[in-house]
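The annotation [2Fe-2S] cluster binding site is assigned in Swiss-Prot to CYS3, CYS6, CYS18, CYS25. What Swiss-Prot lists as hybrid [4Fe-2O-2S] cluster binding site is HIS249, GLU273, CYS317, CYS405, CYS433, CYS459, GLU493, LYS495, and the listing cites sequence analysis. For CYS405, the entry in Swiss-Prot reads cysteine persulfide.
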Amino acid sequence: MYCVQCEQTMVTPKGNGCSFSQGMCGKTAETSDLQDLLIATLHSLSAWALKAREHNIIIHEADAFAPRAFFATLTNVNFDSARIAGYAQQALIYRNQLIKAVNEVEPNPNIDHPLANIELNGISVEQLALQAKQFALDTDRQQIGEEAHGVRLLCLYGLKGAAAYMEHAYVLDKFDNDIYAEYHGFMSWLGTQPGDLNELLEKALAIGSMNFKVMAMLDAGETEHFGNPVPAMVNVRPVKGKCILISGHDLKDLKELLEQTEGKGINVYTHGEMLPAHGYPELKKYKHLVGNFGSGWQNQQKEFARFPGAIVMTSNCLIDPNVGDYADRIFTRNIVGWPGVTHLEDHDFSPVIEKALQCDGFPYTELEHLITVGFGRKTLIDASDAVIDLVKAGKLSHVFVIGGCDGDKEERHYYTDLAYALPKDTAVLTLGCGKYRFNKLDFGTIDGGLPRLLDAGQCNDTYSAIMLAVTLSQKLGIGLNELPLSIVLSWFEQKAIIVLLTLLALGVKNVYSGPSKPAFLNDNVMALLHEKFGLSGLTTPEQDFGHIINKNL
């Protein structure tokens, strides 16, 4: 096992990365190794998808499968070795379909790729786990050096994040052949184990550029299906009655669940990154979508244990449900998996509803605590003139974008301290589950109108923040980096990595990121990123605030 993709990975004087029988996330060495094997088969699939495109051959199912299976290797998504092995087998089935299709127009085709003809050494998990060891991601680390190896992983993990967003968009009927061709290009290239540092840095930015198009596609899918988000009040306290909790990112699953539970006397609560659902007109119209429960994903073992109903995980982040003894009432969907947990293959939520009716539910209604969500792209852009007026009037001095992933490191209290310590003439635009560090605090308003805390949505809704910045830049006639706007990113896993690469690709400079640096990037690479892009780590809220304000004077 060698896994170094998330913040909680092992960091020791002897080296970084989880490399024992189990990772810090709870993933076994077997599952981790099988994920490496799956990635190798996906490299092969992408190599042949590119070859097929030379003959205008596209197998839609193969294109859709590739990023979906890659998504399964993200942190806290799928811990089920059997399903990971199944994805690897399916990858080669699609790969072979592509080879057959190419062979019909180009007899005996061949491509120059080290994984072009990879085959699996068996069908059992045990056989494949033995084979998987040769595809560990650190096999040539010493040969190419820590810097190049780290930036290669930056590309791989960034592409994982983009793959996740591609899958989120796909379930909302958004699919672009050109974007998938780009994805296959990057995935195939990574399978050649590139080692040139300059090329790797260029590709990292190119992956970020591709992801901007992916986020636009996802934004279109969400707004076309559910309407443009509007500001809405959300109760974060329990309501008496039977209940279901839904977590993850898949708003389509939530819509299906709401339709199937309507009139059954079951209250539905959002959790984690599902919170923004309360701002979408086609979701908030359901009266039994009563509120949001819990906080960041890292607290789920305690919070799910005391939630008296059924739970649905539609995407990341999942952690061991056996710790809180709720494995019998949690269900996984899509690419999520945990051994022994019931997996729903389609949108039939009957087992979830049945389990919810068996559970006790909340015995009484607690005193309401309301927070506001729904500041999506259209709402933010519509408010851009008002924002400019406040800036010109000297009533709004700076906008801080504080968002990204949450996690359990004590250092993450930095984000709470920073947000709450900001002057009253500043606003905080937040997104991702990092918002749970401060979204239940009262920030008040600016000039009696604009809320100081603006919840833009899920981590992929960085697109909304970017489009606001672009709009302000155009209306003020200044560059993006001249705006009184700063980004303080909270990273934990691969979606945050691709968000960062997207910002850098767009030319956004002086981003602050923390609470710690990724373990796969050494000090030399971090210094290089600081030199090229102004990327900085965190110090203290007071010191970083001072640096930010001084740069904008």
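A Cβ is built for glycine as well, from the same backbone N, Cα and C atoms used for every other residue.
Sequence features annotated in Swiss-Prot and their locations in the structure.
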residue	record	DSSP (3 states)
CYS3	[2Fe-2S] cluster binding site	strand
CYS18	[2Fe-2S] cluster binding site	strand
HIS249	hybrid [4Fe-2O-2S] cluster binding site	coil
GLU273	hybrid [4Fe-2O-2S] cluster binding site	helix
CYS317	hybrid [4Fe-2O-2S] cluster binding site	coil
CYS405	hybrid [4Fe-2O-2S] cluster binding site	coil
CYS433	hybrid [4Fe-2O-2S] cluster binding site	helix
CYS459	hybrid [4Fe-2O-2S] cluster binding site	helix
GLU493	hybrid [4Fe-2O-2S] cluster binding site	coil
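Once Cβ contacts within 10 Å are tallied over all protein chains shown, the binding-site residues GLU273, GLU493 are led by GLU273. Here CYS405 (hybrid [4Fe-2O-2S] cluster binding site) is compared against the binding-site residues CYS6, CYS18, CYS25, and the shortest C-alpha distance is to CYS6. In the structure shown, across all protein chains, CYS6 is the one of the binding-site residues CYS6, CYS18, CYS25 with the greatest number of other Cβ atoms within 10 Å. Nearest to CYS25 ([2Fe-2S] cluster binding site) in space, judged by Cα atoms and limited to the binding-site residues HIS249, CYS459, GLU493, LYS495, is GLU493. Checked against CYS18 ([2Fe-2S] cluster binding site) by C-alpha proximity, the binding-site residues CYS433, CYS459, GLU493, LYS495 yield GLU493 as the nearest. If you take the Cα of CYS459 (hybrid [4Fe-2O-2S] cluster binding site) and the Cα of CYS6 ([2Fe-2S] cluster binding site), they are about 16 angstrom apart, rounded to a whole number.
A Cα-Cα distance of 18 Å separates GLU273 (hybrid [4Fe-2O-2S] cluster binding site) from CYS6 ([2Fe-2S] cluster binding site). DSSP assigns CYS25 ([2Fe-2S] cluster binding site) to coil in the three-state reduction, outside any helix or strand. The Cβ of LYS495 (hybrid [4Fe-2O-2S] cluster binding site) has LEU74, GLY161, ALA164, TYR165, ASN316, CYS405, GLY432, CYS459, ASN460 as same-chain neighbours under 8 Å, each 6 or more residues away in sequence. In terms of Cα spacing, the binding-site residues HIS249, CYS317, CYS433, GLU493 that come within 10 Å of CYS6 ([2Fe-2S] cluster binding site) are GLU493.
CYS3 ([2Fe-2S] cluster binding site) is surrounded by 26 other CB atoms, counting those within 10 A of its CB over all protein chains shown.
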